[in-house]
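Enquirer: I'd like to ask you about the structure that follows.
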Amino acid sequence: MSDLHNESIFITGGGSGLGLALVERFIEKGAQVATLELSAAKVASLRQRFGEHILAVEGNVTCYADYQRAVDQILTRSGKLDCFIGNAGIWDHNASLVNTPAETLETGFHELFNVNVLGYLLGAKACAPALIASEGSMIFTLSNAAWYPGGGGPLYTASKHAATGLIRQLAYELAPKVRVNGVGPCGMASDLRGPQALGQSETSIMQSLTPEKIAAILPLQFFPQPADFTGPYVMLTSRRNNRALSGVMINADAGLAIRGIRHVAAGLDL
């Protein structure tokens, strides 16, 4: 039996991309999974696909009341909460400082930070009492932009750097009761959208980046799928496999940190 059997897991943005892959993985592990999802259509799809194995709540991660409503339903259903995974986010499609009008930069900043930073903070606030009671964990989705420039524009990159500070502070404030960590995936096949303020709410990340382009820049030379990144979340959630890690950010970048100056990777001819 999996050590995550009957663990109560709450994931935001579980309707597509990495969030959906996490929903699938934790259900496979026998966990009781809940998600807060903005799209009514995706909520309906989750309920149809997973039935009683998913508690899908329609709501906005920028609204504390929506979080609290979801947590109340989770506690009614499961009696506990073991892990909160803050995952819902938006990207800025590499919108640069120079090419973004000042008024758009301001509104885009507030929209993107509301989702990518405030959304995590509100989720942590709503989940903290239940996680303190269960001595559980929080995990936040970062990005390669939390370590490197060029993984987005200044808005997105700043939001992911802010999230690393949030992880460290929450890990400090909630220790020893709650472990708080992050996972930073690189580019992958997903439906990640951009801020409405930048005119990007209907534009998917895959309209800006091709599989070939992503694979070419990665030393491991493959185009990642969302399921490729679920392992670190499973490990960090597990009490058996992770008693010692808190305030840690796992950089799941397919080797970007060891990309060479002369070549992407030295073993391409092996």
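Every residue, even glycine, has its Cβ placed from backbone N, Cα and C.
Heads up, here are the entries from Swiss-Prot:
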ACT_SITE  Y156  active site, proton acceptor
BINDING   10-34  NAD(+) binding site
BINDING   S143  substrate binding site
Enquirer: What's the most sparsely packed of the binding-site residues G14, G30, counting other C-beta atoms within 10 A?
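Expert: The binding-site residues G14, G30 were compared, and G30 has the fewest Cβ atoms within 10 Å.
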Enquirer: Using a 10 angstroms cut-off on Cβ to Cβ distances, just flag whichever of F10, Y156 is the loneliest among these recorded positions.
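Expert: Sparsest of the recorded positions F10, Y156 by Cβ contacts within 10 Å: Y156.
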Enquirer: Looking at the binding-site residues L18, F26, S143, whose Cα is closest in space to that of the residue listed as 'active site, proton acceptor'?
Expert: S143
Enquirer: Among the binding-site residues L18, L22, A34, which residue has its Cβ surrounded by the fewest other Cβ atoms within 10 Å?
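Expert: Result for the binding-site residues L18, L22, A34: minimum number of other Cβ atoms within 10 Å at A34.
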Enquirer: Do me a favour and check the Cα-Cα span between G30 (NAD(+) binding site) and the residue listed as 'substrate binding site'; whole Å is fine.
Expert: 27
